[in-house]
């Protein structure tokens, strides 16, 4: 198992994510779904364009602020797959979250908090599929197929 | 009102990105470390952090959203935009299957992928470009809906 300190940072970071979702709801009356916010931006929806763009800008600035608070040390971003898998994965995440009306934030952090049966079904489904895909790619296929290198 | 809404969006986004960085979930290796349950029985160290992140978030949103339910209107908008659908249809489940597959392949979901653009790493930009293409592909196939 990993160090307890990681779990505590995880819970605190999660609470900040929850606070962000709560703030967006209390101020704007909107559910903080990242795929919904980013998707609407990409589709060029006129209404709410300003706050959505500002949200994504803040999302990118957040980790920079975190690095400054830590004395200039940025969080690692470690990917263990090559570009063909990055492209396939990106397409699946983009298309899938729009078709399924949400991702880990909209269905996970917000939907579960609303006790939505749709979100519970979506969360159970995407977790089950992700577990299975990781099992097959990292345990069965492995580095020979470009995973876990 | 408009400038207030933009500031609210920026503040909420900043908090979200800060939370993602602090939680460790901006790093796909940590997410795979949770999803790779084979580590519980085989080689490697299983990382339960993602569970604590979801728990920490729900500890805030569960009571917070319940409280909001009792309020009439948000501060900077006319009304709450609560999702109203409760049916579980094929579209929802197929979307979740495709998203789960992409998430497992790479270890990125939309929030962490966008936040990780801050690293300036080329592979992150490749993933986000493909994700944006996925958004557009959906828009193309789903039409005006």
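Including glycine, each Cβ sits where the backbone N, Cα and C put it.
In TrEMBL, annotation is done automatically, which means it is predicted and not curated.
Per TrEMBL, these features apply:
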TRANSMEM  B:49-68  transmembrane segment
TRANSMEM  B:92-115  transmembrane segment
TRANSMEM  B:121-142  transmembrane segment
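Residues 19, 23-25, 30-31, 33-35, 80 of the same chain lie 6+ residues outside the transmembrane segment (B:49-68) yet bring a C-beta within less than 8 angstroms of a C-beta in it. Distant neighbours of the transmembrane segment (B:92-115): 16-17, 20-21, 25-29, 31-32, 35, 124, 127-128, 131; these residues of the same chain sit at least 6 beyond its ends, with a Cβ under 8 Å from one of its Cβ atoms.
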